[in-house]
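The transmembrane segment feature in TrEMBL is assigned to A:12-30, A:68-91, A:103-126, A:138-157, A:177-195, A:239-258, A:264-285, A:297-317.
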Amino acid sequence: MSAVLPVPLVQVLQPLTVLVAAPGLSGAIAKAEARMQGRRGPRVLQPYYDLAKLFGKESLAPEGASRFFLLAPVIAMTCYLTVPLLIPVLTSFGLPLGYMGDIIGGGFLLSLASFCVAVAAAETGAPYAQLGASRSKTFGAITEPVVLFVVFTVALVTTTDLPYAQAATVRSSADQIIRPAHLLASAALFLVILYETARIPVETHTGTNEFGMIEEARALEHSGPYFALLKWGSACKQLILYTILIDVFLAPWGLASGTSAGPVALAVLALLGKALVLGLVVAVIDNTFAKLRLFKITEFVSAAFLLAVLAVFTLYLGGG
Amino acid sequence: MPVPLAADSAPTTFEGATNTVAVLLLLTEFAMLRATLSRSQVRLYAVQSLLVSGLAAIVAADRELPELYALAAVSLALKVIAVPWVITRLLRDAGAEIAGSGAIGAASATLLSLALAGVGFFAVGSLDISSPYLPQAALGLSMSIVLVAFVLMIVRRDVVSQAVGFFSLENGVSLASLVVAAGMPLIIEVAFLFDLLVAVVVFGVLMRVHHHRTSSLSTASLTSLRG
């Protein structure tokens with residue numbers, strides 16, 4: 001039998017796993033994408049080197065920007081590291097701090113982070129950063145209803161809105177997986193995640209063309225450690241969203257049911273494995289579809305909205 | 001409105017699977033609304049018909065109604081292979097690739113049809129018709145398919161979309177008949193299918209004549225009375 005870890009340690013391990021693994025996931029997706037295009041691609045560890053380089057650089061703020069410009073990346077990172085406390089990252093049951101917020105609470109934290117980054121971008125007075133901020137808020141306003149309907153689905157299925165309850169429901173039987181409400185809500189959430197993580201068909205993740213940028217453009221004016229925090233933060237956000245999709249909806253298996261060292265270590269590996277598989281799927285999508293024109297993004301979001309609303313519809317007639 | 005089910009009473013696997021297929025039927029209908037090429041509309045129609053045939057086969061297997069296998073086979077031969085083949089040939093002769101644009105944008109059309117689908121879904125759902133063959137939600141979904149097919153026929157301004165909308169409306173009716181009358185004598189169901197064939201012939205002639213007269217598949221030229 002392996003040693004039982006103290007609960008606070010497991011609690012700290014949740015954000016720590018996300019923090020450490022997130023850049024690696026981005027690197028792995030970039031590598032997979034490059035291989036599919038016949039390129040050799042950057043090293044999987046390249047994001048870590050990038051972060052190390054940026055942390056060693058000087059940082060500058062635009063003239064006239066207030067203190068909030070420099071504070072925003074720190075607030076955003078804090079938000080991103082709070083969310084893993086609320087969702088099933090390593091354990092299948094809620095740790096002491098796990099019930100301080102539900103799915104909506106997690107959503108609020110993620111939007112707070114995005115709001116701070118947008119305000120910081122608006123502070124700069126630089127056209128591209130402001131463009132990115134305004135676009136991300138505009139499209140954020142239309143993806144929000146989709147997320148809400150996904151939460152409604154969870155609420156109707158589990159009569160709570162706790163991510164742990166939803167994961168337990170999915171684990172309970174095959175009937176819970178094959179029901180249309182679950183499949184539709186998962187698909188809708190996946191589409192929202194494609195938008196939130198700035199992937200094709202919404203945005204080119206590695207593009208350098210400012211006109212097509214949404215999320216990426218917001219950080220253009222930051223530099224040095226602050227820019228590193230923003231990049232790291234968006235990598236964390238990606239892994240957090242993948243974790244929500246995987247461990248709450250698609251495959252909540254492999255989580256530790258206790259705090260023994262063995263199962264917790266296995267849970268870390270399982271999470272990374274599942275996130276890699278999902279990342280591979282995203283890489284395939286990145287290579288298969290073209291980026292949508294900016295004004296076609298509403299059509300993409302309306303498709304996600306359709307799925308989420310149908311999920312709630314089917315639940316109301318008792319057939320979902 | 002019925003109270004939503006709590007976690008302890010999830011639908012059975014059969015109900016879940018059939019409802020999922022019914023939802024996929026509705027989603028293909030929405031995809032037709034969004035499709036920009038006539039060819040992809042016809043392909044989506046073939047997929048939708050395949051789903052209907054598959055659903056008939058599932059019901060036949062689970063509820064032990066062997067005559068539904070025959071229906072699935074006939075509908076497979078007609079709606080998945082014959083009808084799409086005929087329309088594709090007509091399209092090839094016409095040489096038109098791009099379907100007419102909708103009267104409203106794709107996102108607005110989706111939202112409008114979603115609202116209509118909701119009306120159909122809840123209107124039929126509140127009738128409280130229960131069936132021994134398929135769960136009740138499938139009946140509501142079939143009504144939604146019919147209404148969305150109407151939207152497809154109304155907002156699109158080309159003959160092919162309108163024909164495909166009409167044919168897919170028949171798919172919605174097939175789904176409804178699977179729910180309320182899966183045990184109906186086979187001869188009646190087959191008669192429905194041959195009705196569809198008549199519609200295909202009529203629409204085929206219409207497409208040919210229209211293309212011959214206006215050398216386009218768009219119905220925009222039909223708005224003025226003088227030729």
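Using the three backbone atoms N, Cα and C, a Cβ is placed for every residue, glycine included.
By number of Cβ pairs under 8 Å, the transmembrane segment (A:68-91) is matched best by A:239-258 from the list A:12-30, A:138-157, A:239-258, A:264-285. Contact between the transmembrane segment (A:12-30) and the transmembrane segment (A:264-285) holds: at least three of their C-beta pairs are under 8 Å, each pair 6 or more apart in sequence. With pairs at least 6 apart in sequence, the transmembrane segment (A:138-157) and the transmembrane segment (A:297-317) have 3 or more Cβ pairs within the 8 Å limit; the two touch.
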